[in-house]
Every structure is written in C-alpha cells, then in structure tokens.
C-alpha cells in the first residue's frame, strides 16, 4: 500500500486514528476488518452534506430538482471519479482473487472506498471534519451542477457511459403492448453486454418504458 | 392550527425561528411557502442520525443488516407513526382540496411533515439540536429493533399493513414461467385494492417473484 501520508495530504485531513483510514481502504476480500460498515456510514454522511449544500446553493430549486442533483452527485460513477482523483487504486487492499478484477467490479470497489473514507473521517473527526473535506472534493462538481436541464435522462446516461468504456450500445426491444389505444402499457427489454439477462422496463409509452429499463440497468451497474 | 408551543414541548425543542416550524407544517396545497424543501433536507438528516446510531448500537452487525434496519426506521409507515404520536394532524396546514383526503394520501402527508420538521430543526439549531430530538422520538423503536430476523419480508409487511387498515388481502397470480427446469424465471402480478393496476415482480422462484412484487407495492404506497 502506498504512503498514507500522501493520501491524507490529498484529502486535506490528518487522522487521529490512522487505523480507521486503513480499514476504509480494506476490501472485504483482503481482511475480515474490512470497509463495508464504514461505507454504510459514509453513504449517509455524503447524503446529508450534499443535501445541505444544494439546499443553500439553490434557494429556489424545488425538492425534485435537488433530489435529482443529489443523485447525480452521489452515484457510483461520480464516486469512482473522486476515487481516481485521489489515486485510491494505489492504496486499496484487495484479496488475491480481486486483484485482477477490472471494469465494472473495479469501479464499484473504488466508489465504495470513497464512501468508506468519508465514514472513517466522520468517526475520527465528526461531521465538522467531514464537511469541509467533502465539499472540497466535490467543489468543482457542486460549482457546475445546475437544476433541471443539466440532469440527463437514463438512456442518455447509459449510452454515454458505455461509449466512454468502448462497450457496444444497448439494444431495446418491445416485448408486449397491452391495453386500449388510449391506455397502453409497453414492456421493453434493454440488453447490454455487461449483463447476461435483459432488464425489463414498463411505461405508458415506448420511450418511458425504455427510460425505466435504462434506469434499472444503471442501478444494477451502480452507475 | 393548534398551539405551536404545545408541539414544541412534545418535540423537546424551542425554535429560534418559529417561521421554520410553520413552514414545515405547511403542505404545498395550502401555500407557496410549503414544506417540500425542508422535507428533502430532513430526509437526509434522518438518514445520517439513524445510520450513526445503528453503527454504534450494533458494533458487529454487517452493513446489510444495518441498511435493512435503517430502511425499517425511516420508511413512510414509521414516519406516519411518529406523526401520530406528535398529533401532527392537528397542526398541518392543508389546502381545501386536501382537507378531505384520507387513507394513503393522508399518511404520506403526515410522514412528509415529520421529515420537514427535522429539516426545520436542522436549519434552526444545526445537527446538534436535531440529533437528541430525533433519537428521543425514535428511542423506543431503536431500543427494540434487531438485526436480521426482526426485519419482516415484504409480503408479510404488506399483509399486516392491509390488515391493520381493514383492507382486502393482496392477490398474487403467476403470469409467465420461462426458462429450463433448473433456470426458471417467474413473473407474477400482485393486486391490491388500493392500486388500479397490478404490480409485477420477477424472480427465480414463485416466492421470490411474489416478494419482489410485494416490495414494489410497498414502495408505491410509501409504506
């Protein structure tokens, strides 16, 4: 594992109990003293700090816009970005079975470690230590996010995410259409190469059903 | 609206800015200065305070157990219970169109108001004021919750919830079974009188598909 002092410098935080940082960087495949409980705590801390910042930053935004912005800021792909900015890959302890894992699995391990670090800082220094650290790591993202239009729909997000990883685009297929002409229900399958099974979506239009299916795929991939 | 001093006594908290409490009790049907933004904030505050308490209360519980316990403690039906304990129904300001609403809709208005009050206390007194108040309101629930077995499955929860409201029990129907004998996929519909459309669930067994469908119904009903 690389020098933890360097990581603490990147975080802008010196741990009193360095073992908490070590635990936050330990995947369950490496040791029984792993980071999953810290990740659970960090997820909640991240949620409240981002929620409070957006609340004050956008004093007129309706609740729905704030919820969508928060979802964008805390989702897996954002966390994995933060992890890369911190070069977390150099610090994480993985079991031998996990060392070779790439792609989706690796992204999710990195994302989880970011939450675990936030949980560790919360335990070590309280919410007062967590807040400036977190707002600093998220600063550029918070400064550029906007309510409404900036939030992309699930199909667009899925397409962009797959393209960025040079994966084939998803295919959508209408499976059934039921109901009268004015009250139709569409069921579609969305298939992506990363998942063995197609994922189903339902909606009152083909477009809505496809959006729902794409959203579920994003959830499964923890994007 | 009933006397806010009485409510503040029940909460164990005196607001410096009483207008925040007033706003927390104002449904969007009553006034443009309504409680939805406060509810968004309160939801996040509730999440982190409960997460932290469970983390320390169950030092050996795995992350999955803590996540399930937290879900039980913050879900709509629990919030509506807290609302009734505080007699929030006497304080909430509703528009004339909403005054008559009963059942599910009313439960959800009550639940949202509890989150909005937590958001208001957070703005007025910070997390330090919020934490004791919230832990006091949730004390009995936190003292009795247990990891694992105590968390009921979705079908049981749905049945109990409907029985408590003297509603007909849900019906489950297998719609399709696909795949080989050792790799089957079941699709079922769950129908409840409160929802016009049946809700679909999928799974590798009939039981799992029914559980998934019941879980979705609970989500839709905000239970």
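Glycine residues also receive a Cβ, built from the backbone N, Cα and C atoms like all the rest.
Sequence-distant contacts of residue A:43 (active site), defined by Cβ-Cβ distance under 8 angstroms and a gap of at least six in the same chain, are A:74, A:115, A:119. The annotation active site is assigned in TrEMBL to A:43 (among others).
The active site feature in TrEMBL is assigned to A:115 (among others). Counting every protein chain shown, the number of other Cβ atoms lying within 10 Å of the Cβ of residue A:115 (active site) is 26.
What TrEMBL lists as Mg(2+) binding site is A:39, A:112, A:115.
Annotation comment: TrEMBL describes A:4-126 as domain 'RNase III'.
Counting residue by residue with DSSP, the domain 'DRBM' (A:153-223) contains 26 helix, 20 strand, 25 coil. The domain 'DRBM' annotation in TrEMBL covers A:153-223.
Look at the Cβ of each of the binding-site residues A:39, A:112 and count the other Cβ atoms within 10 Å; the largest number goes with A:112. In sequence order, the recorded positions from A:39, A:112, A:115 that place a Cβ under 8 angstroms from a chain B Cβ are A:39. In this model, the domain 'RNase III' (A:4-126) carries an average pLDDT of 92. Report note: the Mg(2+) site is defined by A:39, A:112, A:115, and the residues of the same chain whose CB lies within 8 Å of the CB centroid of those residues, excluding them, are A:35, A:36, A:38, A:40, A:42, A:43, A:79, A:111, A:113, A:114, A:116, A:119.
Residue counts for the domain 'RNase III' (A:4-126) under DSSP, helix first, then strand, then coil, are 90 helix, 2 strand, 31 coil.
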